[in-house]
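Engineer: Residues annotated as Mg(2+) 1 binding site in TrEMBL: Asp208, Glu212. Per TrEMBL, Mg(2+) 2 binding site is recorded for Asp208, Glu244, Glu248. Summarising the annotation, TrEMBL assigns substrate binding site to Ser270. TrEMBL lists 10-199 with the feature domain 'KARI N-terminal Rossmann'. The feature domain 'KARI C-terminal knotted' is assigned by TrEMBL to 200-347.
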Amino acid sequence: MAKIDFGGTMEEVVTSEEFTLEKAREVLKDEVIAVIGYGVQGPGQALNMRDNGINVIVGQRKGGASWDKAVADGFVPGQTLFPIEEAAKKATVIQYLLSDAGQVTMWPKIKECLNEGDALYFSHGFGIVYKEQTGIIPPENVDVILAAPKGSGRTVRTNFLDGSGINSSFAVFQDYTGRAKERTLAMGIAIGSGYLFETTFEKEVFSDLTGERGVLMGCLAGVMEAQYNLLRKNGHSPSESFNETVEELTQSLIRLVAENGMDWMFGNCSTTAQRGALDWAPKFRDAVAPVFEDLYDSVKTGKETKRVLDLNSADDYREKLNVELDEIKNSEMWKAGAAVRALRPENRKK
Ligand SMILES: NC(=O)C1=CN([C@@H]2O[C@H](COP(=O)(O)OP(=O)(O)OC[C@H]3O[C@@H](n4cnc5c(N)ncnc54)[C@H](O)[C@@H]3O)[C@@H](O)[C@H]2O)C=CC1
Ligand SMILES: CC(=O)[C@](C)(O)C(=O)O
Ligand SMILES: [Mg+2]
Ligand SMILES: [Mg+2]
(Lines of atoms letter the chains of each structure in order from A and count residues from 1; the text may use other names and numbers.)
(Lines give C-alpha, C1' and ligand atoms only; values in the text may rest on other atoms or scores of the structure.)
(Ligands and ions follow the chains in the order given, each with its own letter.)
Protein backbone atom coordinates (compact mmCIF):
# COMPACT_ATOMS: atom_id res chain seq x y z
CA MET A 1 0.00 0.00 0.00
CA ALA A 2 1.33 3.43 -0.93
CA LYS A 3 0.38 6.43 1.22
CA ILE A 4 -0.65 9.29 -1.09
CA ASP A 5 -1.63 12.87 -0.18
CA PHE A 6 -4.91 13.57 -1.96
CA GLY A 7 -5.26 17.33 -1.49
CA GLY A 8 -4.40 17.17 2.20
CA THR A 9 -6.00 13.81 3.01
CA MET A 10 -3.64 10.84 3.21
CA GLU A 11 -5.02 7.69 1.59
CA GLU A 12 -3.48 4.26 1.12
CA VAL A 13 -3.71 3.00 -2.45
CA VAL A 14 -2.55 -0.19 -4.12
CA THR A 15 -0.62 -0.16 -7.38
CA SER A 16 0.77 -3.02 -9.40
CA GLU A 17 4.20 -2.04 -8.09
CA GLU A 18 3.12 -3.03 -4.58
CA PHE A 19 0.73 -5.85 -5.54
CA THR A 20 2.39 -7.25 -8.66
CA LEU A 21 0.66 -9.29 -11.32
CA GLU A 22 2.93 -12.18 -10.33
CA LYS A 23 1.61 -11.91 -6.77
CA ALA A 24 -1.97 -11.76 -8.08
CA ARG A 25 -1.34 -14.87 -10.15
CA GLU A 26 0.07 -16.65 -7.06
CA VAL A 27 -2.93 -15.67 -4.92
CA LEU A 28 -5.37 -16.83 -7.60
CA LYS A 29 -3.45 -19.88 -8.82
CA ASP A 30 -5.87 -22.39 -7.27
CA GLU A 31 -8.99 -20.37 -8.02
CA VAL A 32 -11.46 -20.83 -10.88
CA ILE A 33 -12.83 -17.43 -11.77
CA ALA A 34 -16.28 -17.36 -13.36
CA VAL A 35 -17.38 -14.14 -15.00
CA ILE A 36 -21.15 -14.33 -14.78
CA GLY A 37 -22.57 -11.96 -17.39
CA TYR A 38 -20.87 -11.03 -20.63
CA GLY A 39 -22.40 -7.64 -21.27
CA VAL A 40 -20.14 -4.60 -20.81
CA GLN A 41 -18.01 -5.20 -17.71
CA GLY A 42 -17.87 -8.95 -18.23
CA PRO A 43 -15.88 -8.91 -21.46
CA GLY A 44 -13.44 -6.27 -20.27
CA GLN A 45 -12.64 -8.07 -17.04
CA ALA A 46 -12.68 -11.59 -18.52
CA LEU A 47 -10.38 -10.79 -21.45
CA ASN A 48 -7.94 -8.85 -19.29
CA MET A 49 -7.76 -11.73 -16.80
CA ARG A 50 -7.27 -14.25 -19.59
CA ASP A 51 -4.43 -12.14 -21.01
CA ASN A 52 -2.98 -11.94 -17.50
CA GLY A 53 -2.82 -15.73 -17.31
CA ILE A 54 -5.72 -16.17 -14.90
CA ASN A 55 -7.93 -19.28 -15.12
CA VAL A 56 -11.20 -17.62 -16.17
CA ILE A 57 -14.46 -19.06 -17.49
CA VAL A 58 -17.62 -17.27 -18.55
CA GLY A 59 -21.23 -17.90 -17.55
CA GLN A 60 -23.91 -16.39 -19.76
CA ARG A 61 -27.45 -17.08 -20.88
CA LYS A 62 -27.18 -19.30 -23.96
CA GLY A 63 -28.24 -18.15 -27.38
CA GLY A 64 -28.22 -14.38 -27.03
CA ALA A 65 -25.88 -11.72 -28.41
CA SER A 66 -23.72 -11.82 -25.28
CA TRP A 67 -23.19 -15.56 -25.67
CA ASP A 68 -22.21 -15.07 -29.30
CA LYS A 69 -19.83 -12.28 -28.31
CA ALA A 70 -18.15 -14.57 -25.78
CA VAL A 71 -17.71 -17.20 -28.50
CA ALA A 72 -16.33 -14.58 -30.87
CA ASP A 73 -13.89 -13.54 -28.14
CA GLY A 74 -12.55 -17.09 -27.98
CA PHE A 75 -14.41 -18.55 -25.03
CA VAL A 76 -15.30 -22.12 -25.97
CA PRO A 77 -18.73 -23.58 -25.15
CA GLY A 78 -18.29 -26.48 -22.76
CA GLN A 79 -14.68 -25.60 -22.02
CA THR A 80 -14.51 -21.93 -20.95
CA LEU A 81 -18.06 -20.81 -21.70
CA PHE A 82 -21.08 -22.27 -19.88
CA PRO A 83 -24.66 -21.49 -18.99
CA ILE A 84 -24.78 -19.27 -15.91
CA GLU A 85 -25.42 -21.84 -13.18
CA GLU A 86 -22.95 -24.38 -14.61
CA ALA A 87 -20.19 -21.76 -14.63
CA ALA A 88 -21.04 -20.61 -11.12
CA LYS A 89 -20.87 -24.20 -9.79
CA LYS A 90 -17.43 -24.72 -11.35
CA ALA A 91 -16.05 -21.49 -9.89
CA THR A 92 -14.42 -20.56 -6.60
CA VAL A 93 -14.67 -16.83 -7.40
CA ILE A 94 -18.08 -15.93 -8.82
CA GLN A 95 -17.88 -12.53 -10.51
CA TYR A 96 -21.48 -11.40 -10.42
CA LEU A 97 -21.53 -9.19 -13.53
CA LEU A 98 -25.10 -9.60 -14.70
CA SER A 99 -27.00 -6.33 -14.91
CA ASP A 100 -27.95 -5.11 -11.44
CA ALA A 101 -31.58 -6.00 -12.10
CA GLY A 102 -30.49 -9.33 -13.57
CA GLN A 103 -28.52 -10.09 -10.40
CA VAL A 104 -31.76 -9.83 -8.44
CA THR A 105 -33.64 -12.17 -10.77
CA MET A 106 -30.87 -14.76 -10.83
CA TRP A 107 -29.90 -14.56 -7.14
CA PRO A 108 -31.97 -17.52 -5.91
CA LYS A 109 -30.19 -19.75 -8.46
CA ILE A 110 -26.72 -18.25 -7.99
CA LYS A 111 -27.01 -18.57 -4.20
CA GLU A 112 -27.46 -22.34 -4.66
CA CYS A 113 -24.23 -22.53 -6.64
CA LEU A 114 -22.05 -21.09 -3.87
CA ASN A 115 -19.82 -23.41 -1.88
CA GLU A 116 -18.09 -22.82 1.46
CA GLY A 117 -15.03 -20.65 1.00
CA ASP A 118 -16.06 -19.26 -2.39
CA ALA A 119 -15.78 -15.56 -3.10
CA LEU A 120 -18.84 -13.69 -4.38
CA TYR A 121 -17.42 -10.75 -6.32
CA PHE A 122 -19.22 -7.59 -7.39
CA SER A 123 -18.24 -4.52 -9.42
CA HIS A 124 -21.03 -2.45 -7.86
CA GLY A 125 -22.41 -2.42 -4.35
CA PHE A 126 -26.03 -2.21 -5.59
CA GLY A 127 -27.18 -5.77 -4.88
CA ILE A 128 -25.67 -5.99 -1.40
CA VAL A 129 -26.38 -2.50 -0.07
CA TYR A 130 -30.05 -2.32 -1.08
CA LYS A 131 -30.72 -5.85 0.17
CA GLU A 132 -34.24 -4.99 1.30
CA GLN A 133 -35.09 -4.35 -2.35
CA THR A 134 -32.76 -6.86 -4.00
CA GLY A 135 -32.96 -9.82 -1.62
CA ILE A 136 -29.26 -10.48 -2.21
CA ILE A 137 -28.10 -11.72 1.18
CA PRO A 138 -25.06 -13.98 0.80
CA PRO A 139 -24.54 -17.07 2.99
CA GLU A 140 -22.15 -16.57 5.91
CA ASN A 141 -19.61 -19.12 4.64
CA VAL A 142 -18.31 -17.15 1.63
CA ASP A 143 -16.22 -14.05 1.08
CA VAL A 144 -18.12 -11.08 -0.36
CA ILE A 145 -15.80 -8.72 -2.19
CA LEU A 146 -15.82 -5.83 -4.66
CA ALA A 147 -13.54 -4.41 -7.31
CA ALA A 148 -15.34 -1.59 -9.12
CA PRO A 149 -13.66 -0.16 -12.22
CA LYS A 150 -14.26 3.58 -12.46
CA GLY A 151 -14.99 3.37 -16.15
CA SER A 152 -16.94 1.62 -18.87
CA GLY A 153 -16.16 -2.04 -19.38
CA ARG A 154 -15.27 -1.14 -22.96
CA THR A 155 -12.43 1.09 -21.72
CA VAL A 156 -11.46 -1.43 -19.03
CA ARG A 157 -10.38 -3.46 -22.07
CA THR A 158 -9.04 -0.74 -24.38
CA ASN A 159 -7.07 0.95 -21.59
CA PHE A 160 -5.61 -2.44 -20.62
CA LEU A 161 -4.52 -3.02 -24.20
CA ASP A 162 -2.89 0.42 -24.44
CA GLY A 163 -1.13 -0.11 -21.13
CA SER A 164 -2.99 2.55 -19.14
CA GLY A 165 -5.72 0.75 -17.18
CA ILE A 166 -8.78 2.04 -15.30
CA ASN A 167 -8.67 2.89 -11.59
CA SER A 168 -10.84 0.67 -9.42
CA SER A 169 -12.21 0.89 -5.92
CA PHE A 170 -12.14 -2.21 -3.72
CA ALA A 171 -14.03 -3.32 -0.64
CA VAL A 172 -14.58 -6.37 1.53
CA PHE A 173 -18.13 -6.85 2.80
CA GLN A 174 -17.63 -10.28 4.35
CA ASP A 175 -14.37 -12.13 5.09
CA TYR A 176 -15.13 -15.79 5.82
CA THR A 177 -11.79 -17.25 4.72
CA GLY A 178 -9.50 -14.66 6.28
CA ARG A 179 -8.14 -14.08 2.75
CA ALA A 180 -10.88 -11.84 1.40
CA LYS A 181 -8.75 -8.69 1.10
CA GLU A 182 -5.91 -10.55 -0.61
CA ARG A 183 -8.37 -12.15 -3.02
CA THR A 184 -9.92 -8.74 -3.72
CA LEU A 185 -6.61 -7.03 -4.44
CA ALA A 186 -5.49 -9.93 -6.62
CA MET A 187 -8.72 -9.70 -8.60
CA GLY A 188 -8.34 -5.92 -8.90
CA ILE A 189 -4.86 -6.31 -10.36
CA ALA A 190 -5.88 -9.27 -12.54
CA ILE A 191 -8.67 -7.28 -14.25
CA GLY A 192 -6.12 -4.62 -15.18
CA SER A 193 -6.81 -1.83 -12.68
CA GLY A 194 -4.57 1.22 -12.89
CA TYR A 195 -4.51 1.61 -9.12
CA LEU A 196 -6.90 0.45 -6.42
CA PHE A 197 -8.39 2.67 -3.70
CA GLU A 198 -10.34 1.39 -0.72
CA THR A 199 -14.03 2.05 -0.22
CA THR A 200 -17.05 0.30 1.25
CA PHE A 201 -19.95 -1.30 -0.61
CA GLU A 202 -22.18 1.55 0.53
CA LYS A 203 -19.79 4.36 -0.37
CA GLU A 204 -19.17 2.77 -3.77
CA VAL A 205 -22.83 2.47 -4.69
CA PHE A 206 -23.82 5.90 -3.36
CA SER A 207 -20.98 7.61 -5.23
CA ASP A 208 -21.39 5.57 -8.41
CA LEU A 209 -25.15 6.05 -8.71
CA THR A 210 -24.61 9.77 -8.08
CA GLY A 211 -21.74 10.11 -10.56
CA GLU A 212 -23.51 8.35 -13.44
CA ARG A 213 -26.69 10.39 -12.92
CA GLY A 214 -24.55 13.50 -12.41
CA VAL A 215 -21.37 14.82 -14.01
CA LEU A 216 -20.36 11.62 -15.81
CA MET A 217 -23.58 11.01 -17.77
CA GLY A 218 -26.92 12.58 -16.86
CA CYS A 219 -25.81 16.10 -15.90
CA LEU A 220 -23.30 16.14 -18.75
CA ALA A 221 -25.97 15.27 -21.32
CA GLY A 222 -28.36 17.79 -19.82
CA VAL A 223 -26.03 20.78 -19.76
CA MET A 224 -24.81 20.03 -23.27
CA GLU A 225 -28.39 19.93 -24.52
CA ALA A 226 -29.26 23.14 -22.69
CA GLN A 227 -26.35 25.05 -24.23
CA TYR A 228 -26.93 23.61 -27.70
CA ASN A 229 -30.61 24.55 -27.60
CA LEU A 230 -29.79 28.07 -26.40
CA LEU A 231 -27.34 28.65 -29.23
CA ARG A 232 -29.76 27.28 -31.80
CA LYS A 233 -32.62 29.39 -30.37
CA ASN A 234 -30.41 32.41 -30.96
CA GLY A 235 -29.76 31.58 -34.58
CA HIS A 236 -26.42 29.80 -34.36
CA SER A 237 -25.96 27.02 -36.92
CA PRO A 238 -25.93 23.35 -35.91
CA SER A 239 -22.21 23.22 -36.76
CA GLU A 240 -21.40 26.21 -34.59
CA SER A 241 -23.70 25.06 -31.78
CA PHE A 242 -22.35 21.48 -31.69
CA ASN A 243 -18.69 22.47 -32.04
CA GLU A 244 -19.05 25.03 -29.24
CA THR A 245 -20.80 22.53 -26.97
CA VAL A 246 -19.33 19.07 -27.57
CA GLU A 247 -16.63 18.77 -30.22
CA GLU A 248 -14.27 21.38 -28.75
CA LEU A 249 -14.67 19.75 -25.35
CA THR A 250 -13.93 16.20 -26.46
CA GLN A 251 -11.27 16.98 -29.06
CA SER A 252 -9.43 19.71 -27.20
CA LEU A 253 -10.28 21.03 -23.76
CA ILE A 254 -11.15 17.88 -21.78
CA ARG A 255 -7.91 16.35 -22.97
CA LEU A 256 -6.06 19.24 -21.30
CA VAL A 257 -8.01 18.61 -18.09
CA ALA A 258 -7.02 14.93 -18.27
CA GLU A 259 -3.41 15.87 -18.98
CA ASN A 260 -2.83 18.29 -16.10
CA GLY A 261 -5.99 19.50 -14.38
CA MET A 262 -8.60 22.25 -14.77
CA ASP A 263 -6.20 25.16 -14.19
CA TRP A 264 -4.01 23.76 -16.96
CA MET A 265 -6.90 23.72 -19.37
CA PHE A 266 -7.95 27.23 -18.34
CA GLY A 267 -4.36 28.45 -18.60
CA ASN A 268 -4.17 27.16 -22.15
CA CYS A 269 -7.22 29.14 -23.20
CA SER A 270 -7.49 32.88 -23.82
CA THR A 271 -7.47 35.26 -20.89
CA THR A 272 -10.88 36.34 -22.16
CA ALA A 273 -12.11 32.76 -21.66
CA GLN A 274 -10.34 32.46 -18.31
CA ARG A 275 -12.01 35.58 -16.92
CA GLY A 276 -15.42 34.46 -18.07
CA ALA A 277 -15.07 30.85 -16.96
CA LEU A 278 -13.82 31.91 -13.51
CA ASP A 279 -16.78 34.30 -13.18
CA TRP A 280 -19.45 31.82 -14.32
CA ALA A 281 -18.24 28.54 -12.79
CA PRO A 282 -19.57 29.46 -9.32
CA LYS A 283 -22.94 30.45 -10.80
CA PHE A 284 -23.33 27.07 -12.47
CA ARG A 285 -21.99 25.28 -9.40
CA ASP A 286 -24.53 26.98 -7.14
CA ALA A 287 -27.35 26.45 -9.64
CA VAL A 288 -26.85 22.69 -9.78
CA ALA A 289 -25.92 22.14 -6.13
CA PRO A 290 -29.58 21.77 -5.06
CA VAL A 291 -30.15 19.29 -7.86
CA PHE A 292 -27.19 17.24 -6.68
CA GLU A 293 -28.57 17.34 -3.14
CA ASP A 294 -31.86 15.92 -4.42
CA LEU A 295 -29.97 13.34 -6.46
CA TYR A 296 -27.88 12.09 -3.52
CA ASP A 297 -30.99 11.89 -1.34
CA SER A 298 -32.75 9.85 -4.00
CA VAL A 299 -29.74 7.51 -4.15
CA LYS A 300 -29.32 7.21 -0.39
CA THR A 301 -32.99 6.54 0.30
CA GLY A 302 -33.18 3.84 -2.37
CA LYS A 303 -35.54 5.69 -4.69
CA GLU A 304 -33.07 5.33 -7.58
CA THR A 305 -32.73 1.65 -6.81
CA LYS A 306 -36.49 1.17 -6.90
CA ARG A 307 -36.74 2.92 -10.25
CA VAL A 308 -33.92 0.81 -11.71
CA LEU A 309 -35.47 -2.43 -10.49
CA ASP A 310 -39.02 -1.46 -11.50
CA LEU A 311 -38.00 -0.59 -15.07
CA ASN A 312 -34.96 -2.77 -15.76
CA SER A 313 -36.61 -5.96 -14.53
CA ALA A 314 -39.12 -5.93 -17.38
CA ASP A 315 -38.50 -8.45 -20.16
CA ASP A 316 -38.27 -5.62 -22.71
CA TYR A 317 -36.10 -3.30 -20.56
CA ARG A 318 -33.31 -3.21 -23.12
CA GLU A 319 -35.65 -2.47 -26.01
CA LYS A 320 -37.20 0.38 -24.03
CA LEU A 321 -33.79 1.79 -23.11
CA ASN A 322 -32.79 1.63 -26.78
CA VAL A 323 -35.90 3.61 -27.77
CA GLU A 324 -34.71 6.43 -25.51
CA LEU A 325 -31.12 6.14 -26.72
CA ASP A 326 -32.38 6.34 -30.30
CA GLU A 327 -34.24 9.55 -29.43
CA ILE A 328 -30.88 11.06 -28.44
CA LYS A 329 -29.16 9.66 -31.52
CA ASN A 330 -31.88 10.99 -33.85
CA SER A 331 -32.08 14.44 -32.23
CA GLU A 332 -30.84 17.35 -34.31
CA MET A 333 -28.01 17.91 -31.86
CA TRP A 334 -26.58 14.41 -32.11
CA LYS A 335 -27.27 14.06 -35.83
CA ALA A 336 -25.26 17.24 -36.20
CA GLY A 337 -22.68 15.57 -34.00
CA ALA A 338 -22.48 12.58 -36.32
CA ALA A 339 -21.82 14.94 -39.22
CA VAL A 340 -19.12 16.77 -37.25
CA ARG A 341 -17.42 13.49 -36.29
CA ALA A 342 -17.47 12.35 -39.91
CA LEU A 343 -15.64 15.56 -40.84
CA ARG A 344 -12.74 14.83 -38.54
CA PRO A 345 -9.66 14.43 -40.75
CA GLU A 346 -9.11 10.85 -39.61
CA ASN A 347 -12.69 10.00 -40.61
CA ARG A 348 -12.70 11.88 -43.88
CA LYS A 349 -10.00 9.61 -45.24
CA LYS A 350 -12.18 6.47 -44.71
N1 LIG B 1 -21.27 -1.16 -17.71
C2 LIG B 1 -20.15 -0.78 -17.12
O3 LIG B 1 -19.19 -0.37 -17.76
C4 LIG B 1 -20.03 -0.89 -15.64
C5 LIG B 1 -20.81 -1.81 -14.94
N6 LIG B 1 -20.59 -1.98 -13.61
C7 LIG B 1 -21.34 -3.00 -12.88
O8 LIG B 1 -21.01 -4.27 -13.43
C9 LIG B 1 -22.15 -5.13 -13.40
C10 LIG B 1 -22.47 -5.58 -14.83
O11 LIG B 1 -22.80 -4.43 -15.55
P12 LIG B 1 -22.95 -4.47 -17.15
O13 LIG B 1 -21.84 -5.25 -17.74
O14 LIG B 1 -23.18 -3.10 -17.61
O15 LIG B 1 -24.29 -5.35 -17.27
P16 LIG B 1 -25.23 -5.50 -18.54
O17 LIG B 1 -26.43 -4.64 -18.36
O18 LIG B 1 -24.40 -5.35 -19.77
O19 LIG B 1 -25.70 -7.04 -18.38
C20 LIG B 1 -24.68 -8.03 -18.33
C21 LIG B 1 -25.30 -9.32 -18.80
O22 LIG B 1 -26.36 -9.68 -17.92
C23 LIG B 1 -27.34 -10.37 -18.70
N24 LIG B 1 -28.63 -10.33 -17.99
C25 LIG B 1 -29.38 -9.25 -17.72
N26 LIG B 1 -30.50 -9.61 -17.06
C27 LIG B 1 -30.44 -10.96 -16.91
C28 LIG B 1 -31.28 -11.92 -16.31
N29 LIG B 1 -32.43 -11.55 -15.73
N30 LIG B 1 -30.91 -13.22 -16.35
C31 LIG B 1 -29.73 -13.58 -16.93
N32 LIG B 1 -28.87 -12.72 -17.52
C33 LIG B 1 -29.24 -11.42 -17.50
C34 LIG B 1 -27.35 -9.60 -20.01
O35 LIG B 1 -27.78 -10.46 -21.04
C36 LIG B 1 -25.90 -9.20 -20.19
O37 LIG B 1 -25.25 -10.11 -21.03
C38 LIG B 1 -23.27 -4.31 -12.74
O39 LIG B 1 -23.27 -4.54 -11.36
C40 LIG B 1 -22.84 -2.88 -13.05
O41 LIG B 1 -23.38 -1.94 -12.14
C42 LIG B 1 -19.60 -1.30 -12.94
C43 LIG B 1 -18.82 -0.39 -13.60
C44 LIG B 1 -19.05 -0.05 -14.96
C1 LIG C 1 -19.18 3.14 -16.44
C2 LIG C 1 -19.52 3.31 -15.03
O3 LIG C 1 -18.68 3.49 -14.17
C4 LIG C 1 -20.92 3.47 -14.66
C5 LIG C 1 -21.35 4.76 -15.33
O6 LIG C 1 -21.01 3.58 -13.27
C7 LIG C 1 -21.82 2.35 -15.09
O8 LIG C 1 -21.75 1.95 -16.27
O9 LIG C 1 -22.60 1.87 -14.23
MG1 LIG D 1 -19.25 3.80 -12.35
MG1 LIG E 1 -22.52 2.54 -12.35
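Note that Cβ sites are derived from N, Cα and C of the backbone, with glycine treated the same way.
Let's see these features in context: how buried, what's close, how far.
Structural biologist: Residue environment of Glu212 (Mg(2+) 1 binding site) contains 13 other Cβ atoms, counted within 10 Å of its Cβ in all protein chains. In the three-state DSSP classification, Glu212 (Mg(2+) 1 binding site) falls within a helix.
Classification of Glu244 (Mg(2+) 2 binding site) by DSSP places it within a helix.
Classification of Ser270 (substrate binding site) by DSSP places it in coil, neither helical nor stranded.
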Engineer: Using C-alpha atoms only, work out the spacing between Glu244 (Mg(2+) 2 binding site) and Ser270 (substrate binding site) and round it to an integer in Å.
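Structural biologist: It is 15 Å, counting Cα to Cα.
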Engineer: Within the domain 'KARI C-terminal knotted' (200-347), what mean pLDDT does the predicted structure show?
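Structural biologist: Residues in the domain 'KARI C-terminal knotted' (200-347) carry a mean pLDDT of 98 in this prediction.
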Engineer: May I ask which of the binding-site residues Asp208, Glu212, Glu244, Glu248, Ser270 have a CB within less than 6 Å of any atom of ligand 4, listed in sequence order?
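Structural biologist: So the answer is Asp208, Glu212.
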Engineer: For Asp208 (Mg(2+) 1 binding site), what is the tally of other C-beta atoms lying within 10 angstroms of its C-beta?
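Structural biologist: Taking every protein chain into account, the count is 20.
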Engineer: Would you mind sorting out which binding-site residues among Asp208, Glu212, Glu244, Glu248, Ser270 put a C-beta under 6 angstroms from ligand 2?
Structural biologist: Asp208, Glu212
Engineer: State the Cα to Cα distance, in Å, between Ser270 (substrate binding site) and Asp208 (Mg(2+) 1 binding site), rounded to an integer.
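Structural biologist: Distance (Cα to Cα, whole Å): 34 Å.
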